[in-house]
């Protein structure tokens, strides 16, 4: 086996306490996640992870939905603990009986251990069965008074790697207004007021990623002023988006055709933000004109 470490979080706890929100939060933090994992399959799954170069941060939901399989949880945890290449923690989500009953009434779902349909009986049985696991958990979170957003923030605070990159990803994209606004954009900026390289014959067939086009776009005084204001607007508000629990922020910059000005600006912005944040850069329409010409 590889000597590289796996960072494993076992997510467990009371049914209705927020495990679905929790596992989604781990996925947003960049973890490889699996919901409702039978305990007996965990060691074999971790062996497969060790043999690959895939994501070594893993979060698995293991709970009473496994029913009969759950009795193997102790032997599974012993196996994990004996493996020096695995660092693991247990996150236990809890809530008061009254709050859990209220949540089940609201969703109209049945409790996995309520054989006769009485939710409170199922909750009490589950609490008794999970008591030993709760006592060995490194993290116990009471979600009784927490909103989903607050739970996501709690998980981010406790399990992110301590950087902005772990909890907010920024998608910087360019586009052409003539092809429509991006439906998933959170912030949209229009750079059609800038001089257009399209009217420079030697630049027309190139894109904003080509050095001469990039320099043409960014060297104009209007570009310098606008870019400065753009950074001054975006950078201070990123922590606020992060605090609100947003995992992906899409910043879209548009020009007429999405080939020159918006591409150059998006590329420049992505490089600036990437010094402190996790950034993905994309250019939706930069080749759209060429593809249209080739099809005609």
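Note that Cβ sites are derived from N, Cα and C of the backbone, with glycine treated the same way.
Quantities reported herein were computed from a predicted structural model and do not represent experimental measurements.
The ATP binding site annotation in Swiss-Prot covers 13, 14, 15, 16, 17, 18, 19, 20 and is backed by sequence analysis. The annotation GTP binding site is assigned in Swiss-Prot to 63, 64, 65, 66.
Comparing the binding-site residues 15, 20 by how many other C-beta atoms lie within 10 angstroms of each C-beta, the top residue is 15. Each residue in 22, 63, 93, 95, 100, 143 lies on the same chain as 13, 14, 15, 16, 17, 18, 19, 20 and has a C-beta within 8 Å of the C-beta centroid of that ATP site, without being one of the site residues. Counting other Cβ atoms within 10 Å of each Cβ, the lowest count among the binding-site residues 14, 17, 64 belongs to 64.
Note: residue 19 (ATP binding site) has non-local neighbours 11, 12, 13, 35, 61, 63, 93, i.e. same-chain residues 6+ apart with C-beta under 8 A of its own C-beta. Note on residue 63 (GTP binding site): other Cβ atoms within 10 Å of its Cβ, all shown chains, come to 24.
For residue 64 (GTP binding site) paired with residue 16 (ATP binding site), the C-alpha to C-alpha distance reads 11 Å.
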